[in-house]
C-alpha cells in the first residue's frame, strides 16, 4: 500500500477542527473500539490459560518425554497429583535470573546505544533511522533500525564463546530452560502492567490511546499505540524484534549442542530446523524496515498480547521442534529431508516475494513492474484523527492478485516444514502449524476488519477484485 498526504491550507484546517470529533469514529482504525462478548471471553481465556499452556508443553518435555497425553492420564487415573508434577518442576534460580537480566540488558544496550552501521556496507540493506507508517492520530514515528546488527553482534559473541573463550556451555539455554521461563513471565507481566499504567497516566501520544472501559480487554490488547521512553526506546519494536527473536536462533543452537552432548551427533532433522528457522529470523532482521509497515506495528496497540507474548509465547512455543528433537532425535532419510527442505524453501520464497512485491509497490507509489508489467491497483482514501486526508493504493497484481494475504500462505508452508522434520511419533511439534493456522487466519480477519473501518467502500471494491484470503479458489 502506497500512501501520500493531501495537504490543506491552514485556514481550512482551523475550520475543520470543529468537525474532528465527528470524524474521530471514522478514523479509529487499528485495535477494536468496542468489546463484544466473544472477544471478551477469548481474552479472559487467554489471560487465564495461555501461561498454563506454555508451562504444560515445557513440563511435558521435561517430565514426560514430550507426551501431551501422559500427564493428563496420570492426573485422571490418580497416579499423580498436580503437586507431584509441580514439585518436580525446576524453580527460579539466581543463575537463571542473572542470565536473563544480562540478556535483556545487553539487547537494550544494542538497541538504544549502538547506531546501525550495517546499512553502510551491506548493499540492499535498509537500516539506520527510518520512518514508520502514519498512526490513526496522524503521527509518523521514527525508528533506529539496527536489529540485524544486534543479531550479528550477539551471534558472533556466542560462537566466539563456544569455540574459543568457553565462558559458558553452549547448552546453557537448554540447561536452564524452565528457570528462564519464570524470568520471562516476570518480565512479560511487568512490561504489560507498566504499559497499561503508562497509557493512563503518561502516554507518549494521548491521541493514539484507546480506552474501551473494559479493564481486561485494555490490559490484553493495550491502550497506547506506540509507548516510548525517550526518543528511541519503542516498546513495540523492541519486544517484537529483540529479546525473543534474537534468542530464537540461539535457543535452537543450544538444542543442537545438547543433542551433540547427549548422542554424540546432531541429526539432519535438527539441522533442518536450525536452517529453516534461521532463514526466517534473518529475513525478519534484513527486512526490519519493511516490518514497520506490518500489522504488528501499524495497527496493534502494546499490551499483554504483545508484551507477554513476545517474552514468553514466542521463544518457548516457536522453538518446540528443536526442544522435541533433543528428547526424540530423528534422522530422516535423504529423500524426506530433501522434500522438507524444498517445502520450506518454497514457502519462504512465496513469503518473501509476496512481501517484496508489496514493498516495491509501496516505495514506488505503483510506478514499477510486477511480473513484467505495470501493477494494477485500487485507489482509496482514509482520514486521520486530526482531519488530514490520505490517499492509498491497494495492489491487485502479482501474488496480491491471487489472495489478499498470500504471504501468510508461504509462512504456513514454512511452518509445516518445521513440524514435518520431527516425524510423526508425537503431536507436540505439530502445535506450531496448528497455532500458526489459527493465528494467521485470525490475523486476516482482524486486518480486514481494520481495513474495512479505515477505507470503507474502497475496501469493498478491493475485496471484490481479490475475493480470496489465503488459498485462491478455496478461502
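Just so it is clear, glycine is given a Cβ too, placed from its N, Cα and C backbone atoms.
Just so you know, TrEMBL annotations never went through curation; they're auto-generated.
The region 'Disordered' annotation in TrEMBL covers 1-23.
The compositional bias 'Basic and acidic residues' annotation in TrEMBL covers 1-14.
The transmembrane segment annotation in TrEMBL covers 37-58 (among others).
The annotation transmembrane segment is assigned in TrEMBL to 92-114 (among others).
Feature annotation from TrEMBL assigns transmembrane segment to 148-168 (among others).
Under the heading transmembrane segment, TrEMBL lists 180-201 (among others).
Long-range Cβ contacts of the transmembrane segment (262-282) within its own chain (Cβ-Cβ under 8 Å, at least 6 residues beyond either end) map to 148, 151, 245, 248-249, 252-253, 255-256, 318-319, 321-322, 325-326, 329-332, 337, 340-341, 344-345, 348, 414, 417-418, 421-423. Residues or ranges marked as transmembrane segment in TrEMBL: 262-282 (among others).
The transmembrane segment annotation in TrEMBL covers 302-320 (among others). Listed by sequence, the residues of this chain that lie at least six past the ends of the transmembrane segment (302-320) yet keep a Cβ under 8 A from its Cβ atoms are 46-47, 50-51, 54, 57-58, 181, 184-185, 187-189, 191-192, 195-196, 218-227, 235-236, 239-240, 243-245, 247-248, 251-252, 255, 277, 296, 428-429, 431-432, 435.
Residues or ranges marked as transmembrane segment by TrEMBL: 332-351 (among others). Nonlocal intrachain contacts for the transmembrane segment (332-351), taken as residues 6+ away from its ends with a CB within less than 8 angstroms of a stretch CB, comprise 267-269, 272, 275-276, 279-280, 283, 399, 406-407, 409-418, 420-421, 423.
Positions annotated as transmembrane segment by TrEMBL: 415-440 (among others).
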- Note on the structure: If one takes Cβ-Cβ under 8 Å and requires six or more residues beyond its ends, the residues near the transmembrane segment (180-201) are 51, 54-55, 58, 91-92, 96-97, 99-101, 104, 173, 209, 218-219, 222-224, 227, 235, 239, 302-304, 307-312, 315-316
